[in-house]
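What Swiss-Prot records for this protein:
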- 15-35: transmembrane segment (TRANSMEM)
- 50-70: transmembrane segment (TRANSMEM)
- 81-101: transmembrane segment (TRANSMEM)
- 103-123: transmembrane segment (TRANSMEM)
- 136-156: transmembrane segment (TRANSMEM)
- 169-189: transmembrane segment (TRANSMEM)
- 209-229: transmembrane segment (TRANSMEM)
- 246-266: transmembrane segment (TRANSMEM)
- 275-295: transmembrane segment (TRANSMEM)
- 301-321: transmembrane segment (TRANSMEM)
- 333-353: transmembrane segment (TRANSMEM)
- 364-384: transmembrane segment (TRANSMEM)
Amino acid sequence: MTINPVSRKVAWLRVVTLAIAAFIFNTTEFVPVGLLSDIAESFHMQTAQVGIMLTIYAWVVAVMSLPFMLLTSQIERRKLLICLFVLFIASHVLSFLAWNFTVLVISRIGIAFTHAIFWSITASLAIRLAPAGKRAQALSLIATGTALAMVLGLPIGRVVGQYFGWRTTFFAIGMGALITLICLIKLLPKLPSEHSGSLKSLPLLFRRPALMSLYLLTAVVVTAHYTAYSYIEPFVQNVAGLSANFATVLLLILGGAGIIGSLVFGKLGNQHASLLVSIAISLLVVCLLLLLPAADSEAHLALLSIFWGIAIMVIGLGMQVKVLALAPDATDVAMALFSGIFNIGIGAGALAGNQVSLHWSMSTIGYIGAVPACAALVWAVLIFRKWPVTLEEQPR
């Protein structure tokens, strides 16, 4: 299909709008990682106790992704996105007003509900809205929104929290979401539900061993990453003995490296997703094993964070491409399952980091995370050799 320059420009503008929405959603998902110490101090709790909020959020997303996707499968996507943002904004206002930790957790559950639906439909929408032959690049742009949430949203949210209080951070995210909602209303066309699948799709997907193997890989590698990443801010301050300001800089470096990873994947991901993901998991293993040794200096931690950020971004993108390639006939169901399983990994990793920090030593979170990372590497090599497939091999 030939797309004239104007149509191509409009198509990219719509994908950019989704990328902005991804930035907003990922900023609020990631920002508690940089605010754990401040929230703990506010409620007179231990940092590890507050960290359970990360697990609750992730597991709510995991449990609700598929049910919510099925309940909304026939709703026009533009209208659905608008409704999601209304709940998203209201939940952030409640976060701002939270008078105790329980209320804060309730507000985060509301945000998690919107998250569960948003990430089950966004990748497939980006592919629908992208110019012909640019599906991997469209996914890369969405991932850039994710990376910018890490490189800008998370550090800025942390700085705002340091100087104006963590409540202000959540309020600012809510106001940013309001502006984004206005942009969505003005720019997005009507998007009827397509290839969303139904409960009938589940047995079909479950009979695809390549897809099931990929879901298992996702859960294991994400668990590995979040075991250490969830507690990187207190690790930098309490284990490495470095300043709170350097913790902010480190998060900035890690997120910036994620942008590099998304650019690399956008260039090579169409045909080499399997190789890129395998290399990235290898990098993740090395980074986790070297986390404690690197804590002896700011320079070593900064260098490690560059490779870590590149690795996790390539892993996330590669997994999405593989899922979409293996389930082109039920993309929303497949992505809902992917989002749920991804968040099982986040919750499991955050819980592992929580338990290690409470009952053992926070200094070992890298070593603990490296165990599932090594298992993920072996599994990745096995399944990618057995089931090689690329996104562009599938019919549009």
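Note that Cβ sites are derived from N, Cα and C of the backbone, with glycine treated the same way.
The transmembrane segment (301-321) makes no contact with the transmembrane segment (169-189), as judged by fewer than three Cβ pairs under 8 Å among residues 6 or more apart in sequence. Outside the transmembrane segment (136-156), and at least 6 residues removed from its termini, the chain residues within Cβ reach (under 8 Å) are 15-16, 18-27, 29-31, 33-34, 122-123, 126-127, 129-130, 173, 248-249, 251-252, 254-256, 258-259, 261-263, 265-266, 269-270, 309, 313, 316-317, 320-321, 324, 391-392. Stretch with the largest number of CB pairs closer than 8 A to the transmembrane segment (50-70), among 15-35, 81-101, 169-189, 209-229: 15-35. Only pairs six or more apart in sequence are counted, and the transmembrane segment (169-189) with the transmembrane segment (275-295) gives fewer than three Cβ pairs under 8 Å, not enough to call it a contact.
Ranked by number of Cβ pairs under 8 Å to the transmembrane segment (364-384), the listed stretches 103-123, 209-229, 275-295 are led by 209-229.
Tertiary proximity for the transmembrane segment (103-123) is limited to same-chain residues at least six positions away from its ends with a CB under 8 Å from its CB atoms, namely 18, 21-22, 25, 28-29, 32, 39, 43, 53, 56-58, 60-61, 64-66, 68-69, 72, 77, 80-81, 84-85, 87-88, 90-92, 94-95, 97, 139, 142, 170, 196, 320, 324, 331-332, 335-336, 339-340, 342.
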